[in-house]
């Protein structure tokens with residue numbers, strides 16, 4: 001790089017920097033986030049009170065046992081600070097509302113990875129990824145009909161408790177440990193993304209920024225629990241959405257309108273929604289996005305603890321379905337806006353690619369650079385955008401800290417090690433986990449600094465765990481004949497195969513044997529001082545025919561491989577080792593869509609698997625394909641012959 005070109009680059013970078021108003025916007029976001037933790041930790045906590053002496057069931061959740069006449073239910077806080085009880089800290093006492101939970105689901109999924117990675121993906125590879133909106137909608141339907149009824153009926157604290165009820169403790173332990181490892185690998189990325197964006201517009205040290213976001217997130221998650229997480233997420237997602245939409249609108253007007261963006265994108269080969277190629281090696285094809293996207297989103301949204309924990313914070317199935325419907329619509333809209341932002345980037349830089357001339361060092365800095373260049377002259381707008389990116393990171397990180405601490409308590413401490421700490425000790429344990437997890441993620445930040453392409457890296461890491469655990473849960477809910485051996489062998493096979501494919505792909509990519517084929521860019525419109533002696537030449541891609549075929553697969557296929565392997569291997573092993581006797585299975589553990597395949601005898605065991613359940617959830621009764629009379633006691637303990645009562649048999 002000659003000295004004159006270096007001077008021009010430095011001048012441009014200095015031009016696009018934060019102002020006082022921008023710093024104030026960013027600081028306001030951090031202060032409000034911390035204030036939510038203080039509010040829900042000290043002022044909005046459940047206070048000690050007694051229930052009425054008379055039996056009143058009008059305010060009870062479905063499945064909740066009414067108090068005995070004259071009984072007193074104490075809600076005395078067991079913690080000197082923060083949420084009063086462990087149930088309130090982790091699940092909000094199961095009394096949260098549909099809308100804030102839906103916004104929390106959106107905020108938890110749309111991290112800075114989505115805001116920065118998706119526009120860069122469209123800019124470099126075209127619009128084929130935009131079709132991910134279709135799997136998002138299909139996933140909402142699948143979750144509401146197949147998986148959610150089971151969790152709402154069982155009223156579990158952790159989704160992985162289901163695996164112990166359906167199979168055994170070892171299956172539960174494997175899945176929960178895999179979840180913890182996966183989230184620990186993802187946490188540093190969540191910190192890195194906003195730090196990268198902030199570094200782009202301020203020049204401040206990456207690690208100092210990461211420390212700030214981590215400490216603020218740890219603070220309000222530590223104090224307020226899931227209530228602080230959910231309600232902080234709710235307003236953060238509003239900031240997120242407003243910031244991106246405002247930038248997109250202003251940018252569209254500045255470029256010349258939708259027609260100009262569409263025309264430039266067509267000429268640059270960015271518009272491609274129907275790449276029907278049957279190859280499994282293409283990064284983005286019609287089939288890869290639809291099939292792979294459906295498997296990935298369903299595996300994540302249906303059984304991942306970060307999602308299920310918030311489903312369980314709602315009072316009943318109807319409210320949970322409403323929340324998922326809101327979440328699905330909001331996700332479709334937000335992802336579409338981010339994809340359109342990618343076209344907007346190309347409409348702006350179609351003749352002067354920032355990466356080629358050194359204005360950005362990674363693809364994920366494209367959008368922040370565009371924001372500073374396009375709306376940087378409007379005071380507060382860059383600050384609003386960065387606040388939105390940081391809000392996305394804070395929400396995702398807080399959700400993971402809260403969920404992983406719940407899994408460590410319920411599945412590792414209580415499930416794996418069979419320890420049953422007192423409520424006070426459990427409260428302390430969970431909060432210590434939040435602090436340790438947050439600080440560990442911050443310590444791993446330097447690793448992420450060496451990676452490029454945040455979207456594919458995060459999707460690949462998550463696909464391994466999501467595919468395996470999603471497959472095990474699906475095996476349990478949709479294949480009633482499956483047994484414990486099938487779940488164990490299938491889960492191990494799915495993890496090994498998907499991990500092998502993913503790791504092999506990353507190694508081959510790191511060695512330069514596999515290179516993503518980006519669409520062409522241009523620097524013909526750049527000013528002469530910026531271009532210097534740079535000349536763009538057509539890239540030379542390596543011959544990938546010698547690379548092992550599985551390593552060349554698109555990252556979209558990793559989750560389908562994991563899920564399919566678990567289902568196929570698990571089913572085969574179950575039949576070879578003796579399938580489950582369906583006459584003695586609790587139908588509550590099986591998805592309602594399969595109930596018609598179960599023998600009539602099995603319904604005498606309805607509700608017997610979960611020892612913590614006291615009565616069968618009336619709302620879940622409506623989900624069963626076989627009508628059940630709640631006046632008839634269930635289970636062999638209530639019938640000397642192990643058969644159902646006469647009235648129930650008559651109705652069946």
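Placed from the backbone N, Cα and C atoms, the Cβ positions cover glycine too.
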Out of 174-198, 349-373, let me know the one TrEMBL marks transmembrane segment.
174-198
Region 'Disordered' per TrEMBL sits at which of 50-74, 75-99?
50-74
May I ask you to check whether the transmembrane segment (98-117) and the transmembrane segment (20-42) make contact, with contact taken as at least three Cβ pairs under 8 Å and only pairs 6 or more apart in sequence counted?
no
Under 8 Å, at least 3 Cβ pairs, sequence separation 6 or more: does that hold for the transmembrane segment (324-346) versus the transmembrane segment (235-258)?
yes
The transmembrane segment (20-42) in contact with the transmembrane segment (204-223), cutoff 8 A, at least 3 CB pairs, sep 6+:
yes
Grab the same-chain neighbours of the transmembrane segment (555-576) for me: Cβ-Cβ under 8 Å, and only residues 6 or more beyond its ends, written as numbers and ranges.
280, 283-284, 288-289, 291-293, 295-296, 299, 456, 459-460, 463-464, 466-468, 470-472, 474-475, 479, 481-483, 485-487, 489-491, 493-495, 497-498, 501-502, 505
For the transmembrane segment (428-448), name the stretch out of 204-223, 235-258, 285-303, 486-503 with the most CB-CB pairs under 8 Å.
204-223
